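Only one structure is covered here, and it is reproduced in the block below.
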Amino acid sequence: MGSLFRSEEVCLAQLFLQSASAYSCISELGERGLLEFRDLNPKVSPFQRRFVGEVRRCDEMEKTFSFLQQELRGAGRVPGPCPESPRAPVAREALRVQEQSEQLAQELREVTRNRASLRGRLRDLRQYLHVLREGQRFTSLPAPPGSPPPLRVLSEHEPLLDPSLHQHLERKINFVTGVIHPWRVTAFERLLWRACRGYLVASFVEMPEPMEDPATGESITWVIFLISYWGEQIGQKIRKISDCFHCQVYPYPESEAGRVDTITGLHGQIQDLSVVLEETEQYLAQVLDKVAQALPTWRVQVQKMKAIYLVLNQCSFDVTEKCLIAEVWCPVRDLTQVQDALRQGSYQSGSSVECFVQRVPTSERPPTLIRTNKFTAGFQNIVDAYGVASYQEVNPAPYAIITFPFIFAIMFGDVGHGLLMFLFALWMVLYEDSPRLRQGTNEIWLMFFEGRYLILLMGAFSIYTGFIYNECFSKATAIFPSAWSVATMANHSSWSSVYLATHQSLTLDPNVTGVFRGPYPFGIDPIWSLAINHLNFLNSFKMKMSVVLGIVHMGFGVALGVFNHLHFQQRHRLVLEFFPEIIFLLALFGYLVFLIFYKWVKFSAADSRVAPSILIHFIDMFLFTSNVENLPLYPGQVLVQTVLVVLALASVPVLLLGTPLYRWCRWRTPRTVRPGGCGGAQWGGAWGRLTTAAVLVQRVATGEQEPLLEGQEAGNSVNATKEDVESGGHSPDAKHLDFAEIFMHQAIHTIEYCLGCVSNTASYLRLWALSLAHAQLSEVLWTMVMRNGFVGLSYVGGVVLVPVFAAFAVLTVAILLVMEGLSAFLHALRLHWVEFQNKFYVGAGYKLCPFAFAPDTWE
């Protein structure tokens with residue numbers, strides 16, 4: 001089988017890497033993504049491993065890169081993804097990257113520090129200039145014409161108080177000027193008044209232009225204050241209060257000429273600082289351009305280098321300390337590529353001795369590898385959500401490609417709804433390469449986008465089942481002429497005008513010649529949508545269809561178990577498990593399917609009134625009785641049913657005791673120990689390291705470069721184990737056999753299977769229930785919403801139809817497509833996980849996680 005139907009064969013191998021070329025070989029393997037490395041030093045602390053210094057060096061460079069990226073984002077630049085995936089740098093190139101990144105980081109720190117200093121100095125000068133301008137206007141404010149005479153403004157040499165009262169006081173007024181945050185103005189003014197007891201005159205005015213707050217970086221409008229006071233003690237209080245409120249206080253010249261000279265000097269300083277700041281900004285932009293150009297590539301290179309050294313830390317040195325030994329899980333089909341990658345890595349490092357790979361035997365269960373593409377990935381994710389397939393067991397994903405959309409469509413059958421879903425998925429498929437769709441941040445959208453092919457098939461199958469149900473937005477379509485003739489019935493009956501007026505419904509008798517002309521070509525006849533008993537007809541049809549499809553689905557799951565038994569060479573399970581399971585299923589529920597089809601074929605409309613009940617026959621089958629009122633379907637029915645029930649009951653002890661007794665007998669039978677078994681696998685790995693290391697040393701001495709891989713037999717698989725997938729990798733022929741555990745496991749399996757056949761068959765009736773619910777919701781939505789838009793016959797009806805259709809479209813998408821679609825999806829998921837996969841699928845494996853440099857990681 002292909003890798004999609006069954007996981008690939010994976011082997012355990014050892015890589016022998018020369019110390020000088022180990023880095024290049026791991027880099028080449030990471031570019032190809034072929035191997036999963038195993039840690040050979042699990043008990044060694046990460047800080048005690050050989051390449052811990054190189055890992056710390058990479059961490060330091062990543063810290064430098066984080067600083068550079070932070071500076072780019074602070075400047076409003078977003079570093080883009082790496083245009084191409086560079087290879088991991090060699091030692092000399094890594095040193096160059098480290099030096100250049102540290103040099104750019106140092107330049108950025110210095111330039112940023114200088115720019116911040118220049119900005120702070122320029123901000124202070126501008127604030128000082130605004131303070132002097134506002135102070136100048138305050139101290140020399142002219143009176144407007146026509147206003148009452150203002151109070152006399154005291155000069156610097158005139159007293160504030162009456163000289164007759166205070167003749168001995170100093171006649172001098174002092175000023176304190178500065179800026180304050182607007183949130184602190186009210187508290188600042190109140191505290192000044194209380195502390196200085198009114199011996200001051202304070203003026204507050206907003207700055208004409210907003211400036212940056214150095215603490216928060218926000219742009220705010222500062223408030224300028226000018227306080228005139230008298231007395232040195234009052235001045236000390238004002239300065240202390242200003243310091244407490246984090247005010248920026250500036251000196252205020254005493255004379256008018258001094259203030260004019262200071263303003264002139266500030267203009268010159270501001271111009272000079274603006275020129276210097278502009279040049280600094282230009283130089284900073286140049287440095288940021290260099291960082292934005294080199295940083296994405298550097299980050300990818302350093303992350304690759306760090307990943308390589310982390311892998312090298314998982315390797316161990318041989319006894320000669322001349323080569324590294326790594327253990328890997330490798331797909332058998334990729335062994336040739338691995339050897340080619342090692343050869344390429346040895347050539348790039350300039351080594352004269354090639355590194356090589358050698359398979360080693362093991363009794364450990366390998367990981368699971370199933371290769372997928374963009375189409376099969378969505379279906380494989382559904383299976384993996386239940387459990388990763390055990391090594392080389394049958395994979396349900398390729399069968400789910402058909403069964404999952406079909407089961408969903410049975411519950412979601414509607415041509416209109418399926419067409420909308422199909423077109424939505426088709427749009428995603430056609431534009432799947434668009435970066436706008438791929439790089440979305442909404443998790444729900446990404447979930448839809450990843451499952452676009454699944455949604456496409458679900459929509460296509462829903463269209464198909466919608467044609468079978470003959471429903472398009474709950475309305476039937478007459479693609480073909482109806483097989484029922486009302487005119488023929490009217491000609492052969494006594495329908496009069498009075499009869500038609502008094503009877504709202506008319507009965508069409510198929511026994512009348514010409515009334516029913518045969519089955520409808522495809523799907524359900526559209527005349528059933530007009531019948532008052534169409535719901536009873538659809539219920540009977542969908543219920544039987546659900547039972548038939550469910551039993552076929554479960555039987556197919558049981559049949560897939562045969563491939564597991566044959567692949568793992570457990571032919572005894574064909575007789576002791578598969579045959580009892582299939583006999584139990586077909587003897588009881590397969591017979592039910594036979595009764596359904598037999599009744600459809602045997603009874604027609606003419607004798608439908610005397611047709612027996614299948615349900616009563618099925619109940620009598622388990623009771624070993626017959627009902628006189630319920631006529632048999634065929635002669636000898638009671639005998640056949642008795643034989644089938646006996647066969648089903650007889651298969652239960654075989655299923656319960658067959659496998660445990662077989663394994664117990666095999667364990668009791670003496671066997672000859674063959675060489676190369678599991679015992680040799682335990683010490684073969686260690687001995688293989690010593691012998692192969694000696695071979696490598698000999699190759700270094702002699703210059704031989706022949707790979708050991710060529711000596712392997714092409715068809716010999718060291719991992720073709722025969723143990724059961726449920727045994728977790730342990731052979732049934734183990735030294736100590738716990739018979740009680742085996743019997744308990746088989747008893748649980750038998751009870752679960754026998755009871756599950758009953759409950760799972762009933763569980764498939766959800767197909768009938770969900771299909772009926774979807775059809776009824778569609779009909780209710782059409783009747784209560786869309787139908788109201790067609791009631792009005794005049795122009796008013798056309799106007800009303802627009803909002804009615806909008807409401808109908810919104811409710812259709814929200815309720816019938818999203819909510820009902822999600823409900824049908826979850827029920828289809830449950831039917832596959834519980835009813836289908838439970839018959840053959842264990843899902844106790846673990847994925848192969850190869851060491852690879854994935855492009856998505858670096859972005």
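Using the three backbone atoms N, Cα and C, a Cβ is placed for every residue, glycine included.
All TrEMBL annotations are machine predictions without curation.
Given the structure is predicted, the values throughout are model-derived calculations rather than measurements.
Taken from TrEMBL, the feature coiled coil applies to 94-121.
Per TrEMBL, transmembrane segment is recorded for 406-430 (among others).
Sequence annotations record features per position, and here TrEMBL assigns transmembrane segment to 451-469 (among others).
Residues or ranges marked as transmembrane segment by TrEMBL: 545-566 (among others). Tertiary proximity for the transmembrane segment (545-566) is limited to same-chain residues at least six positions away from its ends with a CB under 8 Å from its CB atoms, namely 1, 6, 393-394, 396, 399, 403, 407, 410, 573-574, 577-578, 581-582, 585-586, 589-590, 592-593, 596-597, 725, 757, 760-761, 763-768, 831, 835-841.
With a cut-off of 8 Å between Cβ atoms, the residues of this chain six or more beyond the transmembrane segment (578-598) that come close are 544, 547-548, 551-552, 554-555, 558-559, 561-562, 565, 614, 617-618, 621, 633-634, 641, 644-645, 647-648, 651-652, 654-655, 658, 753-754, 757, 761, 839. Sequence annotations record features per position, and here TrEMBL assigns transmembrane segment to 578-598 (among others).
Distant neighbours of the transmembrane segment (638-662): 572-573, 575-577, 579-581, 583-584, 587-588, 591, 617, 620-622, 624, 626, 632, 739, 742-743, 746-747, 749-750, 753-754; these residues of the same chain sit at least 6 beyond its ends, with a Cβ under 8 Å from one of its Cβ atoms. Marked as transmembrane segment by TrEMBL: 638-662 (among others).
Per TrEMBL, transmembrane segment is recorded for 793-819 (among others).
When pLDDT values are averaged over the coiled coil (94-121), the model yields 92.
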